[in-house]
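Take a look at the structure set out below.
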Amino acid sequence: MNKAYYIGLMSGTSMDGVDAVLVDFAGEQPQLIGTHTETIPTHLLKGLQRLCLPGTDEINRLGRLDRSVGKLFALAVNNLLAKTKIAKDEIIAIGSHGQTVRHMPNLEVGFTLQIGDPNTIATETGIDVIADFRRKDIALGGQGAPLVPAFHQQTFAQVGKKRVILNIGGIANITYLPGNSEEVLGFDTGPGNTLIDAWVQQVKNESYDKNGAWAASGKTDPQLLAQLLSHPYFSLAYPKSTGRELFNQAWLEQQLSAFNQLNEEDIQSTLLDLTCHSIAQDILKLAQEGELFVCGGGAFNAELMQRLAALLPGYRIDTTSALGVDPKWAEGIAFAWLAMRYQLGLPANLPAVTGASREAILGGRFSAK
């Protein structure tokens, strides 16, 4: 059978590494051929975190990081190919998400900015790169996010089955697949892992709360939870999208200023509940019952999954592996899929999801030649 090899590159708001996946799209379902995660070096991570907040000398820092992130993404590709022993000329294209450093779609002139120079990736891998997927949607009046619902629709939708696909990265987003002729919907619910990771990093110097064990040892403070949930984002109507611009360490410190008496683990438990409650509220607005399939890093947090299940008694909950897609690599696969859509000249946004005025072919090609 012919092969249709694409590589997907993803680094999300969690900034916990660059995921590189090699996918074959020749069959009906995407087939995952190989995976690799490239760790983001500490100096680069600190530079990126700093760039996500307004500061001085931004353009110089942006320019340097754009190239450095491009080199890191290229390294991820080259290591993936070495691992899978597949030659670069067998790859049709790389789909690169880049690293988001600003996402401001709701300004009078909205914009989004991802860095990781695709020219650098193309020249250092010898493979054409499809990148800059979000800005066409914004040019058409959309949010530029989330982009994965179109992939979810094609891969996970089934007639007669009401399904919600929940991706929990730094930010959490949901795709509602009604299983009938109703529109597919999708939007960011709010924080996923970003605040629980930030707090465990600040207090315990650990990169994440494994299995939610630290949160499980604490007790949620109802007053703090109510205050966090009063953030205006949670009551916005969709289409909506968010990022570190709204939910970051500075915002968290501001929220915690009146709660100095709380134990650190109680704060962690409350932050985990913020993620779970904001997700559950949005899911219940769409449908009281159905099937929920989780992907992204949050799928591996046992305490999070347990709390979600308690808030959504009408849902059968599993990870996307039950549908044949490894939850760790689902987003990387989605960006390989977006590259394929560009290659085939097919649209990849869902206007009902992003708010764009029409469907569009997303991205641009950066040739290796």
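Residue positions begin at 1 at the first shown residue.
Note that Cβ sites are derived from N, Cα and C of the backbone, with glycine treated the same way.
Model, not experiment: these values are computed from the prediction.
The feature ATP binding site is assigned by Swiss-Prot to G12, T13, S14, M15, D16, G17, V18, D19, with sequence analysis given as support. Sequence-distant neighbours of D16 (ATP binding site) (same chain, six or more apart, CB under 8 Å from its CB) are I40, D197, S207, Y208, G297, listed in sequence order.
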Binding-site residues (G12, G17), the one with most neighbouring Cβ atoms at 10 Å: G12
Cβ-Cβ neighbours of V18 (ATP binding site) (radius 10 Å): 27
Three-class DSSP secondary structure - V18 (ATP binding site): strand
Mapped DSSP class for T13 (ATP binding site), helix or strand or coil: coil
